[in-house]
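**Q** So TrEMBL says this about it:
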type: ACT_SITE; residues: GLU188; note: active site, proton donor
type: ACT_SITE; residues: ASP320; note: active site
type: ACT_SITE; residues: GLU431; note: active site, proton donor
type: ACT_SITE; residues: GLU453; note: active site
type: BINDING; residues: THR537; note: Ca(2+) binding site
type: COILED; residues: 47-74; note: coiled coil
type: COMPBIAS; residues: 562-579; note: compositional bias 'Basic and acidic residues'
type: DISULFID; residues: CYS385-CYS417; note: disulfide bond
type: REGION; residues: 550-579; note: region 'Disordered'
type: TRANSMEM; residues: 26-41; note: transmembrane segment
Amino acid sequence: MARSRSSSTVWRYINPAYYLKRPKRLALLFIVFVFATFFFWDRQTLLRDHEEEISKLNKEVIHLRNLLEELKNGGDMSVEKKKYSGEGGQAVKNMDSPDNILDAQRREKVKDAMLHAWSSYEKYAWGHDELQPQTKNGVDSFGGLGATLIDSLDTLYIMGLDEQFQRARKWVANSLDFNKNYDASVFETTIRVVGGLLSTYDLSGDKLFLDKAQDIADRLLPAWNTKSGIPYNIINLAHGNPHNPGWTGGDSILADSGTEQLEFIALSQRTGDRKYQQKVENVILELNRTFPDDGLLPIYINPHKGTTSYSAITFGAMGDSFYEYLLKVWIQGNRTAAVSHYRKMWETSMKGLVSLVRRTTPSSFAYLGEKMGSSINDKMDELACFAPGMLALGSSGYSPDEAQKFLSLAEELAWTCYNFYQSTPTKLAGENYFFNDGQDMSVGTSWNILRPETVESLFYLWRLTGNKTYQEWGWNIFQAFEKNSRVESGYVGLKDVNTGVKDNMMQSFFLAETLKYLYLLFSPSSVIPLDEWVFNTEAHPIKIVTRNDRAVSSGSSGGSQESDRQLRTRKEGRFRVHH
């Protein structure tokens, strides 16, 4: 009974009728309910706010940990945030997203590679042109101008490796001497030394580098003292005696004669002395006088007459960067009327490039053949793998339909160049490739000397399309370099990409270009933005300066004027040779 009475009492307090007969108790119950509801809601709100704050704090901890790691490794994030971001640090706001975390991790791996290469150079070859990692000694491949050091200045600066940069600056200030009895390549000295010093000046604002750039440029200028204005390609730095290499039959080389415009125009802009610009622009005006309808020039030019000699037409060695600079001078001048003839010449040359495109069987890889007379040679240099990036960069100056056509071609060629790497046992590309029916591609010259061209094109395609596939390809190439080329004292090339046998040279452009383009491939677009900088053919970024001057005249028309167009920026055509 007791239990029955207890149950009945409980039911009485639950029954609504009990409260309806007692209004005061109903009001009290309502008040209790309201307070309980508010209390519960307040607790839940506080809990949610607390969880959000904890989440934000966790993100800040991760972000600060990343920044701390960056500072330990040379301050990379501060460089990106303070020196290159026009968005007040926008580049690092989304560092906690999965894609950006992966990019940051890969960027750090590339920076580690740069530190390994640089510290090895510092230890075993300081002040020399290049390091021989296997024998741990330096060699002077370029007359003892410290080519690797100067080539690396802007890479160190961009990566935020300040201590290393300051040691290099001290060497430039106290030890760099151009008064050498050495027959220097005008081309190599311009793209590596003049370009490296000018780029470092543009990045740092330190006039030391501008003064040094002017010093070496003055020593190169007599090379342009020919009847046609087409320069000799070799000059003695101490005595100023120019000449051409004997193996060209006295001719000048197309790429070597048409790949100084960016550097010398920039030097005139920064010093106010137009003599540098006039010398190099006269070359383009001279070539434009008899520019062919397909825009394709043979690689040998008579420096006295300004006429071309019977020789190969190629976007590979000795031709490449001439075409690159036609586009890039237009970009450098901010696409104004003063540089419109460069764009017109470049577009003409791209019609010629399209005429050299062939496709393999069975896989239909697109490639650029080489032309001799009326015949096409089914061979393509890895050097020509700069072309996909160039086409992507220049595509935005066309109408939408034409732009898509050239961008699609750029992507096709990039796929071929990537497969130059993937088709070998080491996953590193040979120097050149041949194409035979039913065989797609086969390595010709089988060495790899750490070249940057394919990575460069991947960088441009990634920047201009946002397609992450190009980052993945670049990462695969980087891993192949790490596996096959990294040794105890730096990086070496391969004598044979099929066997993996190593050579004994760390080329200066590996630090200037290959590692820089890989680093930028995994960096925010605000790091060296392509609407503010243009890369020379050695990957040295030079600030874009609007040109409103009149084109330099040499008694001939500077080319028809075009409407200004839109654009961004692209890569190089590079290194030479070899006979």
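Glycine is treated like the rest: Cβ placed from N, Cα and C.
Keep in mind that TrEMBL annotations are predicted by a computer and have not been checked by a curator.
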**Q** Distance between ASP320 (active site) and GLU431 (active site, proton donor) at the Cα atoms, whole Å?
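**A** Between the Cα atoms of ASP320 (active site) and GLU431 (active site, proton donor), the distance comes to 14 Å.
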**Q** My understanding is the cutoff is Cβ-Cβ under 8 Å with a sequence separation of 6 or more in the same chain; which residues meet that for CYS385 (disulfide bond)?
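**A** Correct list: LEU413, ALA414, CYS417, PHE420, ALA429, GLU453, THR454, GLU456, SER457.
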**Q** Taking the Cβ of GLU453 (active site) as centre, how many other Cβ atoms lie within 10 Å?
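**A** For GLU453 (active site), the 10 Å Cβ neighbour count is 29.
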**Q** Go through GLU188, ASP320, the listed active-site residues, and name the one with the sparsest Cβ surroundings, counting other Cβ atoms within 10 Å.
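**A** Result for the active-site residues GLU188, ASP320: minimum number of other Cβ atoms within 10 Å at GLU188.
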**Q** Give the number of CB atoms, excluding that of THR537 (Ca(2+) binding site) itself, located within 10 Å of its CB.
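**A** If we count other Cβ atoms within 10 Å of THR537 (Ca(2+) binding site), we arrive at 30.
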**Q** In sequence order, which same-chain residues at least six apart have a C-beta under 8 angstroms from GLU431 (active site, proton donor)?
**A** ASP381, GLU382, GLY444, THR445, SER446, TRP447, ASN448, ILE449
**Q** Including all protein chains shown, what's the count of other C-beta atoms within 10 A of the C-beta of CYS417 (disulfide bond)?
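**A** Other Cβ atoms within 10 Å of CYS417 (disulfide bond): 30.
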**Q** Taking just the CA atoms, what is the gap between THR537 (Ca(2+) binding site) and GLU188 (active site, proton donor) in Å?
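**A** About 10 Å separate the Cα atoms of these two residues.
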